[in-house]
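Colleague: Below you will find the structure I want to go over with you.
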Amino acid sequence: MADEKQRSLRLLSASPFPLPHGLRFSYGTAGFRSDGAILSSTVFRAGIVAALRALKRGSAIGVMITASHNPVADNGVKIADPDGGMMTQTWEPFADALANAPDPQTLLQLVLEFAKDENIPLGGAQSAEILLGRDTRPSGEFLLEAAKQGITAIIGAATIDMGIVTTPQLHWMVRSRNNGLKASESDYFAQLADSFRCLMDLVPNEVEKKGVDTKLIVDGANGVGGAKLEVLKEMLMGVEIHTRNSGKDGEGILNEKCGADYVQKEKVVPCGFGSDDVGVRCTSLDGDADRLVYFHVLSASNDRIDLVDGDKILSLFAIFIKEQLKILNDEKDDGLKKELPARLGIVQTAYANGASTDYLKQMGLEVVSTPTGVKYLHKKASEYDVGIYFEANRHGTILFSENFISLLESRNNELASTSSGSEHHKAAQRLLAVSQLINQAVGDALSGLLLVEAILQSMGWSFKKWSELYHDLPSRQLKVKVADRSAIITANAETQVVKPSGLQEAIDMETAKYTRGRCFVRPSGTEDVVRVYAEGTTQEAADSLAKSVAEHVTRLLGGWEQAHRKKERSTSKILTSTRKTLCGSMNKMEMLLI
Ligand SMILES: CC(=O)N[C@H]1[C@@H](OP(=O)(O)O)O[C@H](CO)[C@@H](O)[C@@H]1O
Ligand SMILES: [Mg+2]
């Protein structure tokens, strides 16, 4: 045992991936993210964190190499906890410290101290599994190897390479494996296809007779989602899926002028779509297929779209779930009044369009707000029997509590024997199918789009009807580059600035100039920018509110333009020299692998 421990420590201190000089890495909104060329040390160290987490929890942990909607040259790494959710925030400071340890000795010291504090057995007495996945980025292959080396530097930790997968697939696999369920990619596809079929079988006859448009064109962002959908669609009935920008045969560049982030932010058609698609239901995934937005191409003569974003997808899901719960608890059908208590909660962030929040509240739903990032929304949603969360950019899912599912299952069994085929029974079956279809680990564009399709067909809704549920308030998002975005500290789910002083007062003063104006600023967790969001009753109002607040941000935090340019120059020098070192390491590693 002592020898094993010695070996582990030797591996750690011989870290083959030096920290790029002068850079700092931070476990942001969705893990570490940066230029893929400078991430190997970070990914190696994230591998160590994942291995320690797996040993601590005695369960499988996930490591996903992706930078989602970012440009193709970027990459990132995030860790999935045993339940398939994001790694607990309490470990983020350790992940940050490890990622920035200046030399192997400090790295080793940090690992030893942390393992001691957390009672993590180092020495091989306990074993642990880490599931690894990556998206289609070219730097992914090398970074995956860096992660493997970090993981296996901790004796007892073993890697299982799941290959190229979507982020939600990897999270789903971790969750399923830890729940003792089948967890391969084909199991994932089978679960989605089965539960989708179940929902389609339950489409009311009168709606089916009327006929609903079944054609859907999917923009795969030239990423992993398009290719996976090609496989999945072969297993589906009742929906006619056409994929574009699926990234095969060098079709296009990842996320470039396509994908959910582009479509949602630019509000224009993605590349590969045009006049032939006017009036057809279209959807865009992002680069790692955990986001999705729907749209209609409005006219053959320009690139404008009618966008249905996360807020409206959330509203559609909320209407459907609320309706099924109502039917289930409705006395009329068979006199079998048995209340199935279900606390339904809707979780949004400050980026949710104000019109959506008003709409959901008018429907009598409980709506709460959290800071940006799935980790906050997911945690909040899990406090409900049924919690639906979405970011406006469409990161989200529906969570069902274990207690609710077990009550629902027994209710379903009871109804199957007493009133099979009744409306109560169908509602119970639909809710169970939704809980199987929608990814319980994390937001998932593939399962999300199948649920949207099934609900539209169940309710007999056209895209137009859905899109006209409510009218978004005009909004504008701006990015402001400042020398140090961490100088902004926010409170109240990021709607108020606490520091620097004077900024919130300036925002309040500008906002007061507009009817129904709303504006907030926060430092991005994934890009080196401060984000400004503004809403108003007209586009001009939203634009001008955002612009004037952006000027205050620059006034109070800027003035460091020069410093920023200096920083960029030195970063680009670092990047060039790191790329050279990296090529050396890659060659060395290839030799090692051979
Ligand atoms: C306004 C916005 O779109 N923010 C995005 C973006 O976070 P920022 O911290 O704002 O950079 O990336 C996150 C991870 O993908 C996503 O969760 C979030 O919604
Ligand atoms: Mg993503």
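Keep in mind that glycine also has a Cβ here, set from the backbone N, Cα and C atoms.
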Colleague: Hey, TrEMBL has Mg(2+) bound by Asp286, Asp288, Asp290. Any idea which of Ser68, Ser486, Ser501 it lists too?
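Modeller: So, going by the record in TrEMBL, that would be Ser68.
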Colleague: Please list, in sequence order, every residue of the chain apart from Ser68, Asp286, Asp288, Asp290 whose Cβ lies within 8 Å of the Cβ centroid of the Mg(2+) site.
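Modeller: Going along the sequence, the neighbours come out as Thr66, His69, Asp135, Thr166, Thr167, Gly223, Gly225, Ala260, Leu285, Gly287, Ala289, Arg291, Ala445.
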Colleague: Taking the domain 'Phosphoacetylglucosamine mutase AMG1' (309-461) as reference, which of 56-89, 125-178, 183-293, 479-551 has the most Cβ pairs under 8 angstroms?
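Modeller: It is 183-293 that shares the most Cβ pairs under 8 Å with the domain 'Phosphoacetylglucosamine mutase AMG1' (309-461).
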Colleague: Based on a Cβ-to-ligand 1 distance below 6 Å, what subset of the binding-site residues Asp286, Asp288, Asp290, Asn393 would you report?
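Modeller: The ones that qualify, in sequence order, are Asn393.
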Colleague: What is the number of other Cβ atoms found within 10 Å of the Cβ of Ser68 (active site, phosphoserine intermediate)?
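Modeller: Step by step: centre on the Cβ of Ser68 (active site, phosphoserine intermediate), count other Cβ atoms within 10 Å, giving 28.
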Colleague: Give, as a single whole number between 0 and 100, the mean pLDDT over the domain 'Phosphoacetylglucosamine mutase AMG1' (309-461).
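Modeller: For the domain 'Phosphoacetylglucosamine mutase AMG1' (309-461), the model's average pLDDT rounds to 93.
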Colleague: Take the C-alpha atoms of Asp288 (Mg(2+) binding site) and Ser68 (active site, phosphoserine intermediate) and report the distance between them in angstrom, rounded.
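Modeller: Asp288 (Mg(2+) binding site) and Ser68 (active site, phosphoserine intermediate) have their Cα atoms 5 Å apart.
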